[in-house]
Structure formats: C-alpha cells, structure tokens
Amino acid sequence: MTATRTGSAADVRTDAPQGTGSTATRVLGVFVVVGGVLLAVLGLAVTKPDVDLGERMRPIYVHVPTVSAAYLLFVVNAIGSAMWLWRKSRFWDQLAAAAAEVGLIFLGLTLLTGSFWGRITWGVYWDWDARLTSTLVMFLAYLGYVALRGSILDPTTRATRAAVLGIGSALLIPLVHKSVDWWRSYHQGSTLFGELDPSMGGLQLFTLFLGLSVGMALAAWLLIHRFRVGWLTLQLEEGGLTEAIDARRAEAASAADGIERPSQGVTTAPAEEAKS
C-alpha cells in the first residue's frame, strides 16, 4: 500500500505543471484585455441602438458570452466526470472540478446581467420566468457540486460522487436553453444556436461575436489557471504525504538502531572483562 501511494506521488510530481502561467495563457490574457477594451468601446459607444430593443440591446454583448461560456464549461465538467468514472484519473477529476468552479462564476454573471436587463426591459430585477427559474436551478445544482466536493475528505469518494452529480447537472443545459421554446416566457428567443435578429447590423453582429470570443478566451484562461492550481495542490498534498512517510521510516530506523546498540554493549562487556 505504501509503495503504491509513493508511486502515485511520484507520478503527480512528474506530470504536474511547475507554475500556473505559460506562453499560451499569456497570449490568452493579452487577447482578453485588448478584446475586452474593444468590446466595451463598441458595445457602449459605437454600435447603434437596436431597432426593437433600443439601448436595451447593449447588455446582450456581455450576457450572451457569459451564458455561452458557462454552457461550455459545464460540458467540460460532464466530460471530465465521465472520464473519471471510466479511467479513474486524477487529471480528469481536477479538470471537472476546475470547469465547474469557473462555470459557476460565469453563470452567476449571467444571472446578474440578466437581472439588470430584466429591470430595464420588464421593470423588475427578477420574475419567475421559465428561463430565469431554470437558470437559477442550474446555478444551485453546480453550487451543490462545489459544496459536495468540499464536504468529502476521501479523494476517491469525493471524485466519484461529484462525477455523478456533474453528469446529472449537465442534463439541465438543454432544459435551460430550450425553456423559452418549451414554456411561455417573457425572455426573448435563444440568441445562441437560434435565429439571429435580421435587423442587427454588421457592426452589431461583429460586437456580439467579439464578445463571444472574449468570453470563451477568458473562460479558457481561468480554466487553465484553476486546473493548474488544483494540480499543484494535489502535488503538494501527495508530496507532503510521501515526505511524512519517509520521515516516519527514518524515525523508526533510528529508534531501532538506538535499541540494538545498547544491547550489544551489554553482551560484549562481560566478555572483555573475562579476557582481561
């Protein structure tokens, strides 16, 4: 059992990244900053008001990217969860955990921007609309996923139970996305994978797709960093366990040597006296 645990720690140390940053993440970071500034300028000042929504169109440039990134991250969580159940690899468990945490942030931003949009459009921050309610249910499901991971100490049990919950929670994605079509809703039709408003001009479409690109890049940047932090934490925990085991072995060996040496002295002393 000890040898297996030591070998696992060695594998973690070998495969783990030595930091949270890389050339790829730096490129993503630069794109997010530059693209975010451009998105703010275009979305707030340059694009014309929508024909139907008017100025109420502007929050959509942020709202749609956040929910799109949340969907994608929860799909990654489901894939990582399924792969953990199949392969029992810590890599997939860490990926699933990171995707759920980052996705929860984006879904929270979706609810926040949606509330502001609802205040502008409907006159209230919250209405028990089908889209809003189903999105809240999905948010609570993934909040429960994160809470579950924090409440179980055994890593294997934690990963398995969280994987089952992650796969089940992913079934809410099509429910949330199609809620405006399946139930009566104040919310407008699906912008993502739906029919784009034909009245949207070229600059509006460009701004929307720029927002999607920036949102996905930010999601990837956060996912990579969160995964690496989790992986380095696992490396530290496994390495600390191995060092503790080695230290205990050294203490046991020293104690054994200390017991043997006095006993040898007791048996040899009479022999030396007899010779003298």
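Glycine too: its Cβ is placed from the backbone N, Cα and C atoms.
According to TrEMBL, the features are:
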type: TRANSMEM; residues: 27-46; note: transmembrane segment
type: DOMAIN; residues: 31-184; note: domain 'Cytochrome c assembly protein'
type: TRANSMEM; residues: 66-86; note: transmembrane segment
type: TRANSMEM; residues: 98-118; note: transmembrane segment
type: TRANSMEM; residues: 130-148; note: transmembrane segment
type: TRANSMEM; residues: 160-180; note: transmembrane segment
type: TRANSMEM; residues: 200-224; note: transmembrane segment
type: REGION; residues: 253-276; note: region 'Disordered'
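Non-local neighbours of the transmembrane segment (160-180) in the same chain are 71, 74-75, 77-78, 80-82, 84-85, 93, 96-97, 100, 130-131, 134-135, 137-138, 141-142, 144-145, 148-149, 152, 187-190, 192-193; each lies 6+ residues outside the stretch with a CB under 8 Å from one of its CB atoms. Mean pLDDT for the domain 'Cytochrome c assembly protein' (31-184) in the predicted structure: 91.
Outside the transmembrane segment (98-118) by six or more residues, the chain places 56, 59-60, 62-63, 66-67, 69-70, 72-74, 76-77, 80, 124-127, 132, 135-136, 138-139, 142-143, 145-146, 166, 215, 219, 222-223, 226-227, 230 with a CB less than 8 A from a CB of the stretch.
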